[in-house]
2 protein chains.
Amino acid sequence: MATYVHRFADGGKDDKDLLGGKGANLAEMVKIGLPVPPGFTITTEACRAYMRDGVVPPELRVEVTMAVREIEDAFGRQLGDVRDPLLVSVRSGAKFSMPGMMETVLNVGLNDASVRGLAEMAGDERFAWDSYRRLVQMFGRTVLGLDGDLFADALDTLKAERGVTSDVDLTADDLRGLVATYKALVLEHSGREFPQHPREQLDMAIEAVLDSWNTDRARLYRRRERIPDALGTAVNVCTMVFGNLGEDSGTGVCFTRDPATGHSGVYGDYLPNAQGEDVVAGIRNTFPLAHLEELDPTSYRELLAAMRKLETHYRDLCDIEFTIERGKLWLLQTRVGKRTAAAAFRVATQLVDEHLITLDEAISRTTGEQLTQLMFPQFDRSGETTLLTRAMAASPGAAVGEIVLDNAQAEARAAEGASVILVRRETNPDDLPGMVVAAGVLTARGGKTSHAAVVARGMGICAVVGADKLDVDLTAREVRVDGQVLRPGDVIAIDGSTGEVFLGEVPVMDSPVMRYLSDGLDAGLAAAPDDATRELVVAVDRILEHADSVRTMEVRANADSADDALRARARGAQGIGLCRTEHQFLGERRHFVEAVVLAESDEEREAALADLLPLQRGDFVGLLEAMDGLPTTIRLIDPPLHEFLPDLTELSVKVALAERDGGADPRDVKILGAVRRMHEQNPMLGLRGVRLGLKIPGLFALQIRAVAEATVELRERGFDPRPEIMVPLVGSVREMHLVREEALGILTEIGRGSGHLLDLPVGCMIELPRAALTAHRIAEEADFFSFGTNDLTQTTWGMSRDDVEGAFFHDYLDNGVLTISPFETIDALGVGALVRVGVEGGRSTKPELKIGVCGEHGGDPESIRFFQGAGLDYVSCSPFRVPVARLEAARAAVEAGGDATL
Amino acid sequence: MATYVHRFADGGKDDKDLLGGKGANLAEMVKIGLPVPPGFTITTEACRAYMRDGVVPPELRVEVTMAVREIEDAFGRQLGDVRDPLLVSVRSGAKFSMPGMMETVLNVGLNDASVRGLAEMAGDERFAWDSYRRLVQMFGRTVLGLDGDLFADALDTLKAERGVTSDVDLTADDLRGLVATYKALVLEHSGREFPQHPREQLDMAIEAVLDSWNTDRARLYRRRERIPDALGTAVNVCTMVFGNLGEDSGTGVCFTRDPATGHSGVYGDYLPNAQGEDVVAGIRNTFPLAHLEELDPTSYRELLAAMRKLETHYRDLCDIEFTIERGKLWLLQTRVGKRTAAAAFRVATQLVDEHLITLDEAISRTTGEQLTQLMFPQFDRSGETTLLTRAMAASPGAAVGEIVLDNAQAEARAAEGASVILVRRETNPDDLPGMVVAAGVLTARGGKTSHAAVVARGMGICAVVGADKLDVDLTAREVRVDGQVLRPGDVIAIDGSTGEVFLGEVPVMDSPVMRYLSDGLDAGLAAAPDDATRELVVAVDRILEHADSVRTMEVRANADSADDALRARARGAQGIGLCRTEHQFLGERRHFVEAVVLAESDEEREAALADLLPLQRGDFVGLLEAMDGLPTTIRLIDPPLHEFLPDLTELSVKVALAERDGGADPRDVKILGAVRRMHEQNPMLGLRGVRLGLKIPGLFALQIRAVAEATVELRERGFDPRPEIMVPLVGSVREMHLVREEALGILTEIGRGSGHLLDLPVGCMIELPRAALTAHRIAEEADFFSFGTNDLTQTTWGMSRDDVEGAFFHDYLDNGVLTISPFETIDALGVGALVRVGVEGGRSTKPELKIGVCGEHGGDPESIRFFQGAGLDYVSCSPFRVPVARLEAARAAVEAGGDATL
């Protein structure tokens, strides 16, 4: 028989699977001798049995009886006692925090009889009836499922009758009457009496908490946070203690260090003669924690000792909820405290300096996501600002610009050089053109996974979403916020890291951390406005330096130009993992490629290619010079043919109209013919990558020749260029063989001609399922592999990125098929399985085969952890994400090491 | 040390890997005591060593010396002997026949001295000089690589000088002079003398045969036939025997049964006083084999005995090459004989009746491809026909129609109801519209893998390609054949099974085998014009009946209508594996779907769906009635959204022009808006299948409801409908869960309402890599799997079918990346790996999970063998291919059984 009930004394902080987070930490506090009110935890196993069978396991009732009796004996009070009743709270507590998602019932045990005992015990009749009133209200709403407004309205009515505005002005009699009203409401709307038997209250409250695990909003929340539904919640039943029994009582929240800034030293709030609810409701102003020292020095010292004990024990910043009942300190909850990004870095290095944790652990305590937040530009808040509203921070950064309300406006003003912020009720794929040119996006609706949020993060522009005070009126062409009216052209500033929206200009500055990352420690320190920021910059430096020493995966960058390469190198990139050569084709040199694609004879094509050679060579010279001494992976041309050609529909319309008007441009007609001939239904699955290279004679040869000649030129100038040639979209070993033969021929020829040994590695992308499945064969012809997980995701799921994000991504988030875009974080189960197959296959043929990843997943924390597990040698990401990848790769290595975390 | 040389006595027919086909069969004949001229085989291992090292292994020369001396001793003649020289032939012989691809040198051992000994021994000086002349000619061309025309021209010049037209009119002196001329040509063009030393001749000839393995054309041939390059060829060195030493000599080819018709009884040709070359050259008319009985009854009886021995030994039809040298019979080659499709079936059942093979073996001796050939309509050849030309049979069938030269003509005449044959120099993707409406295609260029051939086979229309006598003149708009001029509108008839092209009408008739398959044995027998065909129909019936009893995979059909279903059922289908419901949407009811897709409110959509319900239900009633009692898999709607909508480009042009002319149709404008909004870059990777079903509320529900209501209706009418609901394009278990929940809800509701238990299976397609990779999870929610290998091939390779076949399939055949379209035969290495993963995954969750395949691979013989190996329960193919699949599934089962083949 499973044991469904654990006393707080039976467990510890590592039992979160069974006891939930709150229960495990309560047990831990009991274990280390801190004052916790007696209580017990009903395990997640009980919840899982309940979900499976649809009824509470019968053993549970027996075990609850045993546990309650133990508390009664220990505390000397009994549930339902008419003189000095035991009251308990019933709270949910899952393994992972789900704030606000699940239910709590306080004051269980009060009834028409015991309310009198409580009054007597407390010496405060008003307190007792207020407690009873709260129980009936909470019970009605939570356990019986009644509309909370019923109770709120009755309270308002009563206050109106009494001519008071605050709850505290109601008398004991008022509250006794309110209890009667509430009980009548319960009977009327639920069809049953409010249960008088304390044990019935307790059982119903437990069941209600268990039920709250499976409400729609809890399930939705879990899907989005990727918390498995099967975990279940624990239920904590805890003796009530009261902070509102007079001036020698009170309640508070404290932190062992400042979670906002990371300052060392305790931090918190205290409210005398109050309950936790009152702190949350913000009815009265709290005092800083130090105030407690004056009020109750004994309890204060006891609390400081408990905080120190907890921080030493948890070896991390803790947050604590506590209550003082008539001079006796009780700790109600603790956990490792949430903190801002800056605090994370500062606290981690402080703890290292205090010899509480190692640098390896410090790495585990900071995340790439936090580092990213520190890298975005930020508002200079030293001047005056006018806050318009505050909403959800959806894509970090700081943007200032004119309000624009649609694509046309956005494009027109951006074309005139204005910085614009697109303001919409919500966005959809039609708004993309406007988003592309905007500095930021502000929407009135939607959450962190709304279209605006997802697309803005993808494009790296700043976004604030769900600003529900915003009224975007497209008819009047104005935006109203709290009565204030804004019009297109008015300047606003949005902070995508905090969710703030300001009226007017706010100066934007580079973050000191970014200055440090780009230009070194001295520059970072110089940019820091205060000591706290200087400490932060030093903390980031120490952690990244250590990260570089512990990680086992290299970090490279995806960069197509010398400028990008230099930027990436400054931020710690150890090479280029992907240089996309087609960008060089698609830019100003498009006309050449049109000539190549449209060439009508071998001679025309060869001439056009010959013209391109010096230009490509020049590009590679710049890139390889920037990356002197570091590996630089150059991918041969990849995109679908149609990207080099005008749009079929646009050109068809243009030619048709011109013909109607007396004759189209013959060049247009010729191009239209080519576009029609080469039109593909599904260009992503068509003529691209190695297919294009094998079909158009001389195309890959031109690029390989340019790489080889650039290498020779740089060597002769005393540099150490290290290009690696990468073949895209390989699906079979023979494709690789053909390109490799061609490449080796050209390298040998140019090597002989120049007197340099050109033994450049020739490898390939693994970006098709077939490449992963036949990697053991492809490895025979490849010097290295690089996973292209963007394309691999597209083909494994059979979803193109544009189409999924345009057409049905949101439906799929809503219905739970996806919890995050598989293009953002690697789909470990499907795409990841192919990555593993590819690594195993490649290394079965060449045990030392170098394998990396150069899709956008290379900069995503969770994906980086996956790649570490899959045994990759390097990740390659955008220059911006390089520091993030350095940190995350180190965290993954430390995790993989296994013994560095508690 | 490897032994590179095997005497003919050291081996047997199972040693084809080492000795090649010819060598192994020669060894077998020696083993069973048949008269084979002494000789030896140089193994394929020697060839592989030669390919690896670039030189002939030194041991080989020693071993050849030993073997030659043994022959000399056995035969009492010596190489190069001036009195009675030993002459040998040097012939290639790979494991798999590569007709005409590799080289042969005869009469090795003749030189200026031994030619006189040969003359003396033969008593025929002309014969000796002619033999020598042939050696120099063959050696010059094959071994020294000279242009064959040099020798042919010299011979023509000599004949002109002598005023004769035939070689046989040249005298011994003429030929002696010709030898001198040939030797001078060798010296002039190769820079070296014709080698006089016989051993040098032999060594050079052996090396030339080894080299011929790696000529471009041999490699190309192997790639197309999928013969690995690494096999290498064996080389057979065999004592020359001469059939041209007088009237008591001769040569012939014979078969143990008629390979054309399958008639039992020996069959062959004989030519007295001649060599094999003469038979091939067709200079003189051969006699039927029976003629030999009159000329040389002893040899004839000996030959008959040898044939019987071979057929008994090989237990199959054998073909034999033989030579009689002065009354002594020598067998020069044997092999299991190639035969026509009709002969294959007749011979197989004859051998069963003669108790030489079992019915299981008879199944292995016939192929689905042969059965297909017997199923196509054929020309009634009883009347007069005018043969225009004969070219390559590229796609079987018989078609009669008017010549059309381009798409416009084809479409115009087809629209008027004419049957048309598209005649082109060659075809490319631009010709598709014309091909779609044509009854057949005829091209002047290209081979069996040309665009015309591949596309025609894919579309199931008849094609003859590579008719090089055809001159297609688009300027003059005429087609010239041997001086005859044809114009559009002229009627021709093409036979895609024989490659014949006829002028004018030729009546087409159903094949008797097809009549049998469609309407039963009596109908087939009634349609057969003669006893041979009646025997054939019976043979097919016996073999298919046995096939049905031995195969372990079910055969179902892909059918969308009741008519197709009935046709498939008549041909033996045991169910429907795929009913595509979108065809019902795309037809005349398109306007409904436009309403669904374009609906602007829930009400509009629901109303449109409600209108569709009775129509879909009617379709399903028809289908399920036709398949009464058999499983009928109905796939929910699958194709990309754009297939329901007008083409974006066409509509854009139409609206733009209309607007220029004063205003577009508002409905067009509205539709254009929807088309633009829903336009996808890669519709194959976009909103389709289950994604569409989850996005558009009520769409799948409508279809499921129609299936359920049709089931209830039929049950109430006393039928036994067995629908299975199949969800397309599933990529994750949650998609399947959502649709399944919806389906079960509807089935329960309609079941309750009607009083019928509707426990219909709900399964899914496995057609995305991710579905295969996560099959273990998807199986939790699926009652069956059906592999959609078309889509799976597209995503695994990242190639859409249209695009690969249009843009680069031919390049890929030429460069050897592909040897066959992966859409025709399953790519076992890549796509096949996913099929295996999917089967393993599915069965790991549900060991009894029913798994089939419904892609077009379901009707392809090689793919069917793969599916048997992968453990599938059924294959589903087009109704036409059902008999083929029945036979091939049986062959695969027999092969898998392992003990039924020799």
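Using N, Cα and C of the backbone, Cβ positions are placed for all residues, glycine too.
Summarising the annotation, TrEMBL assigns domain 'Pyruvate phosphate dikinase AMP/ATP-binding' to B:17-53, B:55-285, B:295-344. Among the features that TrEMBL reports, domain 'PEP-utilising enzyme mobile' is placed at B:419-499. Summarising the annotation, TrEMBL assigns domain 'PEP-utilising enzyme C-terminal' to B:544-892.
By number of Cβ pairs under 8 Å, the domain 'PEP-utilising enzyme C-terminal' (B:544-892) is matched best by B:419-499 from the list B:17-53, B:55-285, B:295-344, B:419-499. Counting residues 6+ beyond its ends, the domain 'Pyruvate phosphate dikinase AMP/ATP-binding' (B:17-53) has Cβ neighbours under 8 Å at 2-11, 60, 64, 67, 70-71, 74-75, 88, 91-97, 206-207, 210, 213-214, 230-241, 302, 306, 309-310, 313, 328-335 in the same chain. Break the domain 'PEP-utilising enzyme mobile' (B:419-499) down by DSSP state and the numbers are 18 helix, 29 strand, 34 coil. Taken as a whole, the domain 'Pyruvate phosphate dikinase AMP/ATP-binding' (B:55-285) shows an average pLDDT of 90 in this prediction.
Secondary structure of the domain 'Pyruvate phosphate dikinase AMP/ATP-binding' (B:295-344), assigned with DSSP and counted as helix (H, G, I), strand (E, B) and coil, comes to 23 helix, 17 strand, 10 coil. In terms of DSSP helix, strand and coil, the domain 'Pyruvate phosphate dikinase AMP/ATP-binding' (B:17-53) has 25 helix, 4 strand, 8 coil.
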